[in-house]
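Database features (Swiss-Prot):
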type: DOMAIN; residues: 9-191; note: domain 'UmuC'
type: BINDING; residues: D13, D108; note: Mg(2+) binding site
type: SITE; residues: Y18; note: site 'Substrate discrimination'
type: ACT_SITE; residues: E109; note: active site
Amino acid sequence: MKNNHQKIIMHLDIDAFYATVSELLHPEYKNFPIAVGSLNSRTGIISSPNYLARSYGVKAAMPIFLAKELCPNLIILPSEHNIYQSYSKHFFQIINKYTNKIEITSIDECFIDATDLVKKYHNNIRLLATKIQKEIKNKLNLSISIGISYNKTIAKMATELNKPSGISIIDENKIINLIYELNINKIPYIGEIKSQELYAINIFKIKELIATENKQKISLVLGSIYQNLVNDLKGLSKIKIIDEDIYKTISHSKTFNEDLNDFYEISNEMNDLILTVTNRLKKCNLMTNNISIYIKYPSFKTKIKQKQLTYYTDDYQTIFLAIKNLFKIMYKDETIRLIGISLNKLVKKENVKKQLFLFD
């Protein structure tokens, strides 16, 4: 991949993370179709199937009874969230050895800016990607897929082209053949609802979405994100990897592929968000004393709840318990479409320590 003064962005994604870790914990189920799911729920939902289960049509967010119809031999394993967190922590520690230009986006994926890093590998980006893959496999026994391009959107799409354990590189010469012919539902963060709205106005492929003659009608569907998305898909985006910037707020949210009303499943998704924002908090050497959680319903009505802490913290467990308590107060067995976590009123960790020393 030639640089030509463009950024080189890598997207790293652990393959079938929950299912793979659970499989490592239960080697007796190796080569069996397995899925992590909510065993005790009245409306049990699949959280993460392994690739063998996926070959039967089993998908994340699918009701367990339906997954069992598709794959009668499917083995359901309970969530082991503390262990997932441990694997996630070690994964990001390994990546951090390569560069501090890392943006963690969930418990099992991140972006890195490899523009300068690749120079240490004879400007051979595939050599760098292969080295990272091998180290993750040797140390954690996990496979990862890597997508490489000149912005985050296309790098993430590249990852999906060659899963599992793949390395996909999309440069300017390949984007037309590899990306523009794809269905719009392959675009990151374009959910099922927006995809259906675009289908309704006869927009099916990415090349149709970026066509100038369709701008007006697509803008009515996508609103303010339209132009940034088109810039990304055309390679015009200048968005940086978030690394050592000073934040006023650190937040992360997830729109579900399907609306959820299962407390267990929503809690699992929320746990991932909490881990993501606390990882960012620590990486930036910041602390917070104010947290908030927000949920959005299928009607697009939004509910927000905030809590002021009595002291500054960057501790995962403290933030986890505070957010969990807020969620228990605000959640009333409703169906929700999106959940988000925000850490507010951030200060540098060193400044908090200075304040504490004044009272020693």
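Backbone N, Cα and C define each Cβ position, glycine as well.
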Ask   = What is the interatomic distance between the Cα atoms of E109 (active site) and D13 (Mg(2+) binding site), given in whole Å?
value = 4
Ask   = Rounded to a whole number, how many Å is the Cα of D108 (Mg(2+) binding site) away from the Cα of Y18 (site 'Substrate discrimination')?
value = 9
Remark   = Taken over the domain 'UmuC' (9-191), the predicted model's pLDDT averages 91
Assigned conformation of Y18 (site 'Substrate discrimination') - DSSP reduced to three states = helix
Message = I'd like to know which of the recorded positions D13, D108, E109 has the most other Cβ atoms within 10 Å of its Cβ.
response = D108
Key: Sequence-distant neighbours of Y18 (site 'Substrate discrimination') in its chain (C-beta under 8 A, six or more apart)   = V36, S47, S48, S79, Y84
